[in-house]
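The structure appears right after this line, and notes come after that.
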Amino acid sequence: MGNFDLLTVKGVTRRDFMKLVAATTAALGLPELFIPQAASALEQALKKPPVIWLEGMDCTGCTESAIATLNPSAAALIIDMLSIRYHETIMAGSGQSCEEAYQAALKEDFVLIVEGACPAKEDRYCMVGGKPFRKTLIEAAQKAQVIIAIGSCASEGAGIPGACATGAVGVAEILRNEGINKPVINLPCCPVKPTTLIGTLVYYLTYHKAPPLDSQNRPVAFYGTLLHDNCPRRGHFESGEFLTDWNDPVQKGYCLMLKGCKGPQTYTDCAQVWWNDNANFCINAGSPCAGCSEKSFYKEFSPLYVKQELFKLPGIGQVNADTVGAVIGGAAAIGLGAHLIATAASGRLSNKDHDHDHKEDM
Amino acid sequence: MAKVVIDPLTRIEGHLRIEVEVENGLVVEAHVIGTMYRGIEAMLRGRDPRDATYVTERVCGVCAGSHGWASSMALDKAFGANVPAGGRIIRNLIIGAMFLHDHPLHFYHLSALDYLDVMAVAQYQGKDPGLLAVKDKIVKLVVAGDTAPLTPRYKPDAFSVNDPELVTMAVAHYLKALEMQAKAKKMSALFAGKQPHQSSIVVGGVTMLPNIEVVEQFRSMLMEQLDFVEKTYLQDVLTFGTGPLLPLAQAGVGGGALNYMSYGGFARDNENKDLFFKAGLIMDGNLGNILPIDENKITEDVQYSWYKASANGKTPYTEDTVPDLDKQGAYTFVKAPRYDAKPIEVGPLARMLVMQPKGLMDIIAKNSIKPGAVARHAARAYETLLLVKDMFTWCDALEKEMGSKDFRVHDTDHWEAPVSGQGAGMTEVPRGSLGHFIKVADHKIENYQMVVPTTWNFSPRDDKGVRGPVEQALIGVPVPDLDNPVNIVRVVRSYDPCLACAIHLIHPVTNDIKKFQIGW
């Protein structure tokens, strides 16, 4: 039996399979020429891997986002592509039968997907199946062939729960605390973007290794570019045109920096790959980027609708390179800071800026 | 007496544990237990009030948009903002689309597996090519020995539907509904930026200034949703509810507290008078007497919740929230909201009983359906149809507004936080009545509290020991096989629980309590 026959037996038609491959190569930003190669590699590799999908201190938004995919379809994702053995929101079973399904999957060579943060100190803030979620997470992580943390809560910084008083942290930090030296692929954003998750899964299943990752262990393919550099509103930024009134048709499309946009500190492909089947993304809807793909989200990016910190960061003459580097991602920060300061110093920004902090920062 | 524990109770939002005691095949005691706490309200204190819409939006990713919406309403009041008609309608369209996402998803993906013997698909003998494809898919999964996530499951019981034709159709619609929920989120995202977790709704209105093309794209997708809701979703619910599940429906399994509340929601005017969902309260099952709601009668008890009890007499604006994990006698992170000291059911059944649309009331009367799990599914499907139809008029109203010279979506004059202020945002979201309460001092959030639908429905006992609505609904539920408590999950899921939402808190104000009576 050939490998594709194996897939056919598992309920995947050739047509569905090629659609899946085409859509996912597109999601990965690979040229069409790659499709036959990916198809071939996938046929070799894709045997519907068993998946344990854990939910900790979460809102189910990442699951909801994953099944918001239209191309490939949600059914292709949860039935054709993966064998989802444990997922509290999707699985048929409840209670004891869940525990049995989980224990059975633990014995296989499974992919671990984690959604939600985990309390680092007080286990009682998140109990599932009568057990501390933290212990289940550690147990599954030690046995998984690969660990994928999805959404800001499970990634570095732990997103919104990370700003709360429960001591919530992401998956990698829980493992570090336990001295477990196992890499975690982080796919932050609030919630995870479906193209990012599916693209990462296809890459991993094709090559049996993680895609190239950055310093926060995010795949460079999806987190390698600065939002600000690809923003459709960048031209208005360059022209010093900043939105102050959402009602003004003239300002529609103006730069959202004065509304608190974190685009200059945020590495994400949101400007190129929009959400919900390419329907929209925050900035196109007139909303400032909240920086949800960064570990500084939400704690250090608050307040969200005030622009000040964008200009405090570079602060020529008082810059602490380590701090800047930690916050905005290494070498790129220097270029970014210089750019913003040059723009501000040339007066283009200050013409429309009424924030008092501004001049001090220049 | 035997104890049955279901943990995790799956196919819901969040982490839920159910403990029941069974005697002679019937539930005689029940505890519903929320097992996760994040503490988002406490974290908001001291922050820029405008952050609240963005942060509370993320309380839940299933009823996405709901909390951002209620939060913006609370902030509008605290800021003194007057949301222009354009902003109001766009907010309604964003959330309306999410109802179209939530309700069918709840029926097909979260609930249907409790009623279907999915493996009956293998016996399908018909000729419909679409259904044969479904059969082919399921059979191949079985042959490959890999039927996750459809198995493991509770064993089909006397109420399970096992007619191959019906089951195959339902599985086909399960797959179709997966596509439709993604499309509904896409519709919402057209105005909202993305879904889940929209960013467009802010204090004063929305950030998205739409053009006609976007509205028309929304409208054309709405037509596809109408077709699906009318011809597939509602028909399936009625086919099951008045067919194989009629005995369950007529027995009123999972009836619960016969007190119902709807805050009202989806204003069709700027004065908040013409509401799509009507506001009202029903006590003791008296459908002939729809009472007005007095928000001052909403209180919460914490005797059985893992929180420190603060002084009595505080309002949601002034209370605080401190977890107490070692508290004696407490068993859940969910608090016990009460209205006039009584447990109240909120959600689609409550809304429809307050509204009493003739079509639905006729179906209920004709089939002698009692309030319970099946009635909840029927009410949920029926209100989806009413809503999707009404949404076309919202699109019309938006386009009319867009034609006027001073079309606006945001109250720019009230964007900055006031020195002080307070406000409540009370509305109806897919799972029921949602209230957000904010108090602003020195331009910052002094206090923030949410009272959410699942807190009402999944509350523990109150200070007088009276069970919450779901705890009450579980009493008397038949569990003939202790290893297969499928009726329990049917009842629990019929409320569409959202535990991530529920674990948010207001603090206790103890009123005199009246004896809880059941009657219909």
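Each Cβ is built from the backbone N, Cα and C atoms, and glycine gets one as well.
Residues or ranges marked as [4Fe-4S] cluster 1 binding site by TrEMBL: A:C59, A:C62, A:C153, A:C190. Non-local contacts of A:C153 ([4Fe-4S] cluster 1 binding site) by the CB criterion (under 8 A, 6+ apart in sequence, same chain) comprise A:G56, A:M57, A:D58, A:E115, A:G116, A:A117, A:G159, A:I160, A:P161, A:G162, A:A168, A:G170, A:C190. DSSP gives A:C153 ([4Fe-4S] cluster 1 binding site) a helix state.
Summarising the annotation, TrEMBL assigns domain 'NADH:ubiquinone oxidoreductase-like 20kDa subunit' to A:59-203.
Annotation source TrEMBL lists domain 'Cytochrome-c3 hydrogenase C-terminal' at A:223-305. Across the domain 'Cytochrome-c3 hydrogenase C-terminal' (A:223-305), DSSP assigns 24 helix, 5 strand, 54 coil.
Counting only residues at least six positions away in the same chain, the Cβ atoms of A:F237, A:C255, A:G263, A:A271, A:I283 sit under 8 Å from the Cβ of A:C231 ([4Fe-4S] cluster 2 binding site). The [4Fe-4S] cluster 2 binding site annotation in TrEMBL covers A:H228, A:C231, A:C255, A:C261.
Annotated [3Fe-4S] cluster binding site per TrEMBL: A:C270, A:C289, A:C292, in sequence order.
Proximity to chain B (Cβ-Cβ distance under 8 Å) holds for the following binding-site residues out of A:C59, A:C62, A:C153, A:C190, A:C255, A:C270: A:C59, A:C62, A:C190. Summarised by DSSP class, the composition of the domain 'NADH:ubiquinone oxidoreductase-like 20kDa subunit' (A:59-203) is 63 helix, 28 strand, 54 coil. In sequence order, the binding-site residues near A:C261 ([4Fe-4S] cluster 2 binding site) (Cα within 10 Å of its Cα) are A:C289, drawn from A:C59, A:C270, A:C289. Working note on the binding-site residues A:C59, A:C190, A:C261, A:C289, A:C292: by count of other C-beta atoms within 10 Å of each C-beta, A:C59 ranks first. Cα distances from A:C62 ([4Fe-4S] cluster 1 binding site) to the binding-site residues A:H228, A:C270, A:C289, A:C292 are smallest for A:C292. When pLDDT values are averaged over the domain 'NADH:ubiquinone oxidoreductase-like 20kDa subunit' (A:59-203), the model yields 94. With respect to their backbone Cα atoms, A:C289 ([3Fe-4S] cluster binding site) and A:H228 ([4Fe-4S] cluster 2 binding site) stand 10 Å from each other.
When the alpha carbons of A:C292 ([3Fe-4S] cluster binding site) and A:H228 ([4Fe-4S] cluster 2 binding site) are compared, the span between them is 14 angstrom.
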